[in-house]
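Straight from Swiss-Prot, the features:
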- A:94, A:95, A:96, A:97, A:98, A:148, A:191, A:218: substrate binding site (BINDING)
- A:94: active site, proton acceptor (ACT_SITE)
- A:249-255: region 'RNA binding' (REGION)
- A:268: active site, nucleophile (ACT_SITE)
- A:273-277: region 'RNA binding' (REGION)
- A:306, A:308, A:311, A:337: Zn(2+) binding site (BINDING)
């Protein structure tokens, strides 16, 4: 039996948006879904119970980070990542590809794999497609990624073409190495930079290999938004309707809506948790830097329309004070709010698809939030 | 009507330990009690709900810190400290005396008050006994402290005598300035260093002024433990039986037990929360530095005998990983555990008094924890 099962519930009549149900070994996920990021086996500042309370059904964790610290062997001995971190809902782990190319130094890419140095202590490591699967098998995450090269932006056609070819070869090797197919679903990652023919070719060749799901990688790395949206549009066209599609590393409110409209089912991004820790929060009227002086005596909640724990119990003045005083509770309250905001946004998106009014929802949301509707 | 009411329930037959009930405008407190410290209007790393879950009935917050940041006027505008920080149980605020003498620089002590510079921005401020009451009236804490000079250790007799005289004069002025006696109970602070006659005189003269409760200040500032215990012993002898006694800034497990034995009802200390954030936790078998290497593959809880949230759900290996990775959850889990440990210890102490077996409890606890029974 396959590890996951995707059921398409409804297609939007005017866009490529889809409403779906993704069954995993650790619970059922309504899609489109936003996955909070728990890089180091913890969603920063949150407990698992708090994640459940705000409605998270699946989180992402990072293969690269967990391999380096504490080490996948320790997590395996602990009984797997779910048990290690006390999270009994679904987990997706990434391939490490993006981190190797963004965090580590002195990497050497060969067909066999990638040699890199740890961003923690400079130690030397070698990742192959097989090794990356072995690590994720040890972690026991529900959805795992095949190893990929995440090409930088900008990069010339030749570079990206070779990189894409490598990613396809690595996907084949990863698929072969993956042993635990009944408990863990392996996704192939579509690369190809901003080149439409490469994206198309990569998608088609991965689909031929028949993965349980497909990721769209190498976007949101500096290219203009319209380029990203066009690539997503084009890529999902070549992906099968009966498999989930995951747009990697994307998670601003506008990108979530635009991604859903283009047929994406799953998203992750460090944005909500990272900006929260710096004192910036989402509100229905746009971003708000709560640590700024104007909020010193503002006793209203972060967002009048929000009913998260933070907004029900604390004022902007109090949260600002916590940030100024470097208190841990500041990061906690802002993180709860930002994650709730995005998870609630996905709920509203799903409801809009159900009612066939996604474009109207987008229009209203963009206007209130202060986004220009350009795409 | 008085703001608080203390009822003595039972006296231990072989020690000066007392079981009591302290009624406050924000709930009933069983004594002896340990008060977690929320210096800057938050008990570091904790939410109010988590504090309630571990059984906290009263917390302490710092007048000096709140005056400097965010400012007592802002907290007053927010509706008082309880509402500002979303805590509806009791709050005790200290006098600022200890902080002025330990944190701020360039202080000038006069009979009128103390000029000092902020530890945050170096700005100049002047605290008088009246000002300190005014600040605490604005905060709205249930139990407030009169302004005191906390003499350093060691200090010669003349210095401490003058300091004690000043503290008594300030107590008189504070009592006169305190307007909100029906909602806030003002405690006098017994000073006098390690000099028995000064402690006795200070206690007697404060008792003549008839405060709703008495604090013992200026201890645990570097003097040997036996000296501290002797001073506590002597001081409580001169305090009335029908008023609560609070030993300021004391909170290691042995000091809590020894303090209770000497007739103390209330304690506070940053120790459990501070060491938690550095990766050190209390266990029934003594302190454990969980961030150390031996725990990397230790999948047992922090303390096998503990049933706090942390111990029920997480392993030493996971918590160690969180500390190594500088994750906020590390501080959260260790703080919950350490506070629970002390609050549970006080529960067990109260139960032991109830059953007239406090000395036996002390013996067992000390032996298991690894303390020598010297006093």
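Placed from the backbone N, Cα and C atoms, the Cβ positions cover glycine too.
Here the features listed in Swiss-Prot are placed on the structure.
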residue : record                   : Cβ contacts under 8 Å, 6 or more apart
A:95    : substrate binding site   : A:63, A:132, A:145, A:146, A:147, A:148, A:189
A:96    : substrate binding site   : A:62, A:63, A:64, A:67, A:127, A:132, A:135, A:147
A:97    : substrate binding site   : A:145, A:147, A:148, A:149, A:150, A:189, A:217
A:98    : substrate binding site   : A:150, A:217, A:248, A:249
A:191   : substrate binding site   : A:148, A:149, A:150, A:151, A:160, A:163, A:164, A:167, A:198, A:199, A:202, A:217, A:218
A:268   : active site, nucleophile : A:34, A:35, A:36, A:37, A:60, A:92, A:246, A:248, A:249, A:250, A:251
A:308   : Zn(2+) binding site      : A:54, A:336, A:337, A:340, A:341
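Using a Cβ-Cβ cut-off under 8 Å and counting only residues 6 or more beyond its ends in the same chain, the region 'RNA binding' (A:273-277) has close neighbours at 36-37, 43-45, 287, 331, 334-335, 337-339.
Our reading of the substrate binding annotation (A:94, A:95, A:96, A:97, A:98, A:148, A:191, A:218) yields a largest Cα to Cα distance of 14 angstrom. Shown for the region 'RNA binding' (A:273-277): DSSP residue counts in helix, strand and coil, namely 5 helix, 0 strand, 0 coil. Taking the Cβ of residue A:218 (substrate binding site) as centre and 10 Å as the limit, one finds 33 other Cβ atoms among all the protein chains shown. Using DSSP to sort the residues of the region 'RNA binding' (A:249-255) gives these counts of helix, strand and coil: 3 helix, 0 strand, 4 coil.
Note: the Cα of residue A:311 (Zn(2+) binding site) and the Cα of residue A:94 (substrate binding site) are spaced 32 Å from each other. A separation of roughly 31 Å, to the nearest angstrom, links the Cα atoms of residue A:94 (substrate binding site) and residue A:306 (Zn(2+) binding site). Taking the binding-site residues A:306, A:311 in turn and counting surrounding C-beta atoms within 10 angstroms, the largest count is reached at A:311.
The Zn(2+) site, placed at the center of the C-beta atoms of A:306, A:308, A:311, A:337, has further neighbours from the same chain whose C-beta lies within 8 angstroms: A:301, A:302, A:303, A:307, A:309, A:310, A:312, A:336, A:340, A:341.
A 10 Å cutoff on Cβ-Cβ distances gives residue A:148 (substrate binding site) a total of 32 other Cβ atoms nearby, all chains included. In the three-state DSSP classification, residue A:311 (Zn(2+) binding site) falls within a helix.
The number of other Cβ atoms within 10 Å of the Cβ belonging to residue A:337 (Zn(2+) binding site), over all protein chains shown, comes to 26. Within the model, the region 'RNA binding' (A:249-255) carries an average pLDDT of 97. Compute the center of the Cβ atoms of A:94, A:95, A:96, A:97, A:98, A:148, A:191, A:218, which mark the site for substrate; besides them, the chain residues with Cβ within 8 Å of that center are A:101, A:145, A:147, A:149, A:150, A:189, A:217, A:248.
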